[in-house]
Amino acid sequence: MDRAVSRVVLENEEREAKNTWRFVFRIAVLLLIVMTLAISAAALVYSMGASTPRDLASISTAISKMEDKITSSLSSNQDVVDRIYKQVALESPLALLNTESIIMNAITSLSYQINGAANNSGCGAPVHDPDYIGGIGKELIVDDTSDVTSFYPSAYQEHLNFIPAPTTGSGCTRIPSFDMSATHYCYTHNVILSGCRDHSHSHQYLALGVLRTSATGKVFFSTLRSINLDDTQNRKSCSVSATPLGCDMLCSKVTETEEEDYKSVTPTSMVHGRFRFDGQYHEKDSDRTTLFKDWVANYPGVGGGSFIDDRVWFPIYGGLKPNSPSDIAQEGKYVIYKRYNNTFPDKQDYQIRMAKSSYKPGRFGGKRVQQAILSIKVSTSLGEDPVLTVPPNTITLMGAEGRVLTVGTSHFLYQRGSSYFSPALLYPMTVYQQTATLHSPYTFNAFTRPGSVPCQASARCPNSCITGVYTDPYPLVFHRNHTLRGVFGTMLDDEQARLNPVSAVFDNISRSRVTRVSSSSTKAAYTTSTCFKVVKTSKAYCLSIAEISNTLFGEFRIVPLLVEILKDDRV
């Protein structure tokens, strides 16, 4: 009985235990369901609240604010970029130019102090105003695309005349020579007291100066030192060059006419002089018997020389001694240059015969008139290590007055059109140690010179002539690869007479609008031109030193004509 009761009690307890666990399980399941529903509801509410129309409308506002932040950030970065560009493209070059100016001033001042200590000279250092540093002897216009003749000269500008004029009716100032370096310029001309045709006695005026800018921004040439070489020496055909030691000048010493000189059998006396920064002038006779042993007449080219690689280079021309080694080396050599789009009517063999004869004009007794270049080492000693280069006549025409120029890294020889070829010629020139090599020239068809028939301005065929006039071109417009595109110069715009001086910019075919000195009947002669830039304003200027007729005081007055180079964008 008791065992039966115990079994019943045990079964009841087991049943109650099972019911308890079921209840716990059910409660747990219900709690999980409730929690799941709650989480789902919360998620649903959240998702519905996140995509309300109000929030959707605020998206564009948020994006706009983000755009503003990005734009502000970019603007800030652009300011940095602009500052970097200004520093690199504008301020750094100017700083370099100023540094160059400071260094040049310091070096020049030091050299002056040393020089002054040696000669008791207390002179100051000559150097152009900082406005010109980096604007002298450089490629002034570098342009591959613009028409060269879209550049043109302004009207002539009033500026300080740094060239003395004759003071009597019989006075004569002629044959200007000019050269300008990065620190100073040098100028010289011949002074004759009794008319321009007197060959027996003359003075030589020589000046050293710098470029200045006035308080109103005007360009002017300031003469710092000048001297009039009035002695028993009759210097002629002088060429001047600005060198680190002052103004180097090469002259011939003559007492006879040019025709008589060519008839002689001895070379012409030559002298190398130097006008120092302290105003002292010294010179030394050249060893003509060695240097010019193959010549009967020899002259500097009148145009300026150039300082290249510690040497000064001067143009030379004159007559070779018949059957001398130099004369024999040129025998049979010739070159024919042709006008643009203007062929020769003569037969080829006749052209060649006339071209060969052009080197031996009858005026000088059939002597071969030859071009040459003389280089002299620039040191405290004058006339040191002179070397004469005689280029082949397969490159050069008959010898004539000329000029050696350096612009940028390029060197050129201008040769006056004394022979049959009227357009201006610039021979590219390379130098190696003491010698020079000339290459086929740039020609400027519209930059002509007047001449006597059959070698007048429009002439096109080879002929034997001694004619023309010295009117050098200055390299002005370059390609980016440094080849020459155009030049500036002042030409005499007449067929035969030395009349009508006009300034213009020239390419190989044509010319720009011109600036005239006066009427077409204005008498003129030699012109020599040099261009430079005022770096601060980026304005390019050109100076043409021209011999202009002067009816009251002397036959000619040498006038420095100054123009600004402008651009016509319509061309």
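Using the three backbone atoms N, Cα and C, a Cβ is placed for every residue, glycine included.
The shown structure was predicted, so the numbers you read here are calculated from the model rather than taken from an experiment.
What Swiss-Prot records for Cys172-Cys196 (among others) is disulfide bond. Note: Cys196 (disulfide bond) has non-local neighbours Cys172, Arg174, Gly554, Glu555, Phe556, i.e. same-chain residues 6+ apart with C-beta under 8 A of its own C-beta.
Around the Cβ of Cys186 (disulfide bond), the same chain contributes Phe178, Asp179, Met180, Leu206, Ala207, Leu208, Val240, Ser241, Ala242, Gly246, Cys247, Asp248, Met249, Phe275, Gly304, each under 8 angstroms and 6 or more positions distant in sequence. Residues or ranges marked as disulfide bond by Swiss-Prot on the basis of similarity to another entry: Cys186-Cys247 (among others).
The Cβ of Cys251 (disulfide bond) has Gln204, Arg235, Lys236, Ser237, Cys238, Ser239, Met270, Val271, Gly273, Pro300 as same-chain neighbours under 8 Å, each 6 or more residues away in sequence. What Swiss-Prot records for Cys238-Cys251 (among others) is disulfide bond, and it gives similarity to another entry as the kind of evidence.
Taking a C-beta cut-off of under 8 Å and a sequence gap of six or more, Cys465 (disulfide bond) has these contacts in its own chain: Ser358, Pro361, Ser418, Ser419, Tyr420, Gly451, Ser452, Pro454, Cys455. Sequence annotations record features per position, and here Swiss-Prot assigns disulfide bond to Cys455-Cys465 (among others).
When other Cβ atoms within 10 Å of the Cβ of Cys531 (disulfide bond) are tallied across all protein chains shown, the result is 26. For Cys531-Cys542 (among others), the entry in Swiss-Prot reads disulfide bond, with the evidence type similarity to another entry.
Among the features that Swiss-Prot reports, N-linked glycosylation site is placed at Asn119 (among others), with the record citing sequence analysis.
Annotated N-linked glycosylation site per Swiss-Prot: Asn341 (among others), in sequence order, evidence recorded as similarity to another entry. DSSP assigns Asn341 (N-linked glycosylation site) to coil in the three-state reduction, outside any helix or strand.
Residues or ranges marked as N-linked glycosylation site in Swiss-Prot (evidence: similarity to another entry): Asn481 (among others). Residue environment of Asn481 (N-linked glycosylation site) contains 7 other Cβ atoms, counted within 10 Å of its Cβ in all protein chains.
Residues or ranges marked as N-linked glycosylation site by Swiss-Prot: Asn508 (among others). Annotation for Asn508 (N-linked glycosylation site): same-chain Cβ neighbours under 8 Å, separated by at least 6 residues, are Tyr340, Tyr442, Thr443, Phe444, Asn445.
Panel annotation: around the region 'Important for interaction with fusion/F protein' (124-152), residues 97-98, 100-101, 104-105, 108-109, 111-112, 180-184, 208-213, 224, 277, 406-408, 475-480, 482, 485-486, 504-507, 510-515, 531-537, 540, 565-571 of the same chain, lying at least six beyond its termini, place a Cβ under 8 Å from a Cβ of the stretch. Annotated region 'Important for interaction with fusion/F protein' per Swiss-Prot: 124-152, in sequence order, evidence recorded as similarity to another entry.
Per Swiss-Prot, the feature region 'Involved in neuraminidase activity' maps to 234-239. Mean pLDDT of the predicted structure over the region 'Involved in neuraminidase activity' (234-239): 94.
What Swiss-Prot records for 1-26 is topological domain 'Intravirion', and it gives sequence analysis as the kind of evidence.
The feature topological domain 'Virion surface' is assigned by Swiss-Prot to 48-571.
Sequence annotations record features per position, and here Swiss-Prot assigns transmembrane segment to 27-47.
Asn481 (N-linked glycosylation site) and Asn341 (N-linked glycosylation site) are 26 Å apart (CA-CA, integer value).
Note: the region 'Involved in neuraminidase activity' (234-239) comprises 0 helix, 5 strand, 1 coil (DSSP; helix = H, G, I, strand = E, B). For Asn341 (N-linked glycosylation site), the number of other Cβ atoms no farther than 10 Å from its own Cβ, over all displayed protein chains, is 7.
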